[in-house]
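Going by Swiss-Prot, these are the annotated features:
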type	residues	note
DOMAIN	23-219	domain 'EngB-type G'
BINDING	31-38, 58-62, 92-95, 159-162, 193-200	GTP binding site
BINDING	Ser38, Thr60	Mg(2+) binding site
Amino acid sequence: MSLLWQARFFTTVNHLRDLPNTQVPEIAFAGRSNAGKSTAINILSNQKKLCFASKTPGRTQHINYFSIGGAHVGQHRKDETKVEEIRAMLVDLPGYGYAEVSGSAKHHWQALLGDYVQRREQLAALVLIVDSRRPFTDLDIQMLEWFAPTGKPIHCILTKSDKLNRNESTNALRTANTLLASYVDEYGQPFPFTAQLFSALKRTGIDEANDKILELLGLNDEVSEESDSKTAGDAEKAE
């Protein structure tokens, strides 16, 4: 069972001043509206309704936090989250790319999103959700360029890969890796950017994404320790 299955709603904020003062690592999910961000979060957390997608793309301009740890697994549990036991946060950022919002709302969203990804110290990495059929729009590039100067990792999940044939999938991943490799720091060293294919329908790429997210949150060692402990316990019972 993945640690991500422990995810449960923690809080929603509309201003930077309202961000939680927790000190655990955060990993943020960003992406164009309708790229499959909510679906990816729900599948990775093994919960159908953890993250809701707005019926009107581009309408949700809040930042939603989901805690890992501090409570029993599953949204149906009514027990209170123990903040001191939270180990990490999944952060759902507003989807971007639609014009159905007013100019003032769009400006507020851009300021909120830009300030969060550039200044939030607790932010360990960014997961960029990109439709594999329409990879890296201008707004996706803008997000990359907002975040790159932080030097923190970006993992790109190329969704809806089931809509592509094998050659198209290979080309989409190659294109993504080539683009990401073009981002280098002042010393010419590439930023820690990675990419993978993902399909909610075919349920492919889930384990790869899960392992990468836990690695970026620094929780993969805990998973290994728990696995080793379980293996040792099973061995003792067998004896």
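Just so you know, the numbers here start at 1 and follow the chain as drawn.
Using N, Cα and C of the backbone, Cβ positions are placed for all residues, glycine too.
Sequence features annotated in Swiss-Prot and their locations in the structure.
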residue : record              : DSSP class
Gly31   : GTP binding site    : strand
Ser38   : Mg(2+) binding site : helix
His62   : GTP binding site    : coil
Gly95   : GTP binding site    : coil
Asp162  : GTP binding site    : helix
Gln196  : GTP binding site    : strand
Least buried by Cβ count (within 10 Å) of the binding-site residues Gly31, Gly95:
Gly95
Any idea what the Cα distance is from His62 (GTP binding site) over to Ser38 (Mg(2+) binding site), rounded to a whole Å?
14
Comparing the binding-site residues Ala35, Ala200, which residue's C-beta has the most other C-beta atoms within 10 angstroms in this structure?
Ala35
Please work out which residue of Ser38, Gln196 has the most C-beta neighbours within 10 angstroms of its C-beta, and give that one of the binding-site residues.
Ser38
Please report how many Å separate the Cα atom of Gly31 (GTP binding site) from that of Ser38 (Mg(2+) binding site), as a whole number.
10
Any idea what the model's mean pLDDT is for the domain 'EngB-type G' (23-219)?
88
Using a 10 Å cut-off, grab the number of neighbouring Cβ atoms around the Cβ of His62 (GTP binding site), all chains included.
16
Packing count at Asp162 (GTP binding site) (other Cβ atoms within 10 Å of its Cβ):
15
In whole Å, note down how far the CA of Ser38 (Mg(2+) binding site) lies from the CA of Gln196 (GTP binding site).
17
Round to a whole number and give the Cα-to-Cα distance in Å for the pair Ala200 (GTP binding site) and Ser38 (Mg(2+) binding site).
11
